[in-house]
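Colleague: Here it is: the structure, laid out below.
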Amino acid sequence: MKTQRDSPSLGRWSLVLLLLGLVMPLAIVAQVLSYQEAVLRAIDGINQRSSDANLYRLLDLDPRPTMDGDPDTPKPVSFTVKETVCPRTTQKSPEDCDFKEDGLVKRCVGTVILNQARDSFDISCDKDNRRSARLGNFFRKVKEKIGGGLKKVGQKIKDFLGNLVPRTAS
């Protein structure tokens, strides 16, 4: 009488289960997004929710902060997007679109989850005022330098004219 232990099908099933056990962790690891991939997905979501006419594309990604290894923990992100020439209704990827000259720039901050199965993000974007502030600082510095230079020139003219006045002999 044969037992199940002697059955060749039991050996095959054991081998199949062993192989599945080895392959499954690899499948789980493959579902974890990189930091940049998670940000690009978040930008896709931003483009879908946007009421603006054109798509936005990643302009600048801030360095990745140190993170724990848990892909289900929200990770902080900050990046800048810029308006492209592609209308929001296009089927093109934003990466295939050129930036719009003088397009709107937005600063985005929030969190993403790297687990591809959860595909979750919480991002808010505001018009990037840093560029305007930098331009304002530039003009203020130019004004200060010109103003300071004009004062010096004015003082030198005064001194020069003061030396031209004839001196009376006592």
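Keep in mind that glycine also has a Cβ here, set from the backbone N, Cα and C atoms.
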Colleague: According to Swiss-Prot, Cys108 takes part in a disulfide bond; indicate which of Cys97, Cys125 is its partner.
Modeller: Cys125
Colleague: For the region 'Active core' (150-162), report the average pLDDT of the model, please.
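Modeller: Mean per-residue confidence for the region 'Active core' (150-162): 79 out of 100.
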Colleague: Reported as an integer number of Å, what is the Cα distance between Cys125 (disulfide bond) and Cys86 (disulfide bond)?
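Modeller: It is 19 Å, counting Cα to Cα.
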Colleague: Report, as a single number, how many Cβ atoms besides its own are within 10 Å of the Cβ of Cys97 (disulfide bond).
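Modeller: Taking all protein chains shown, Cys97 (disulfide bond) has 18 Cβ neighbours within 10 Å.
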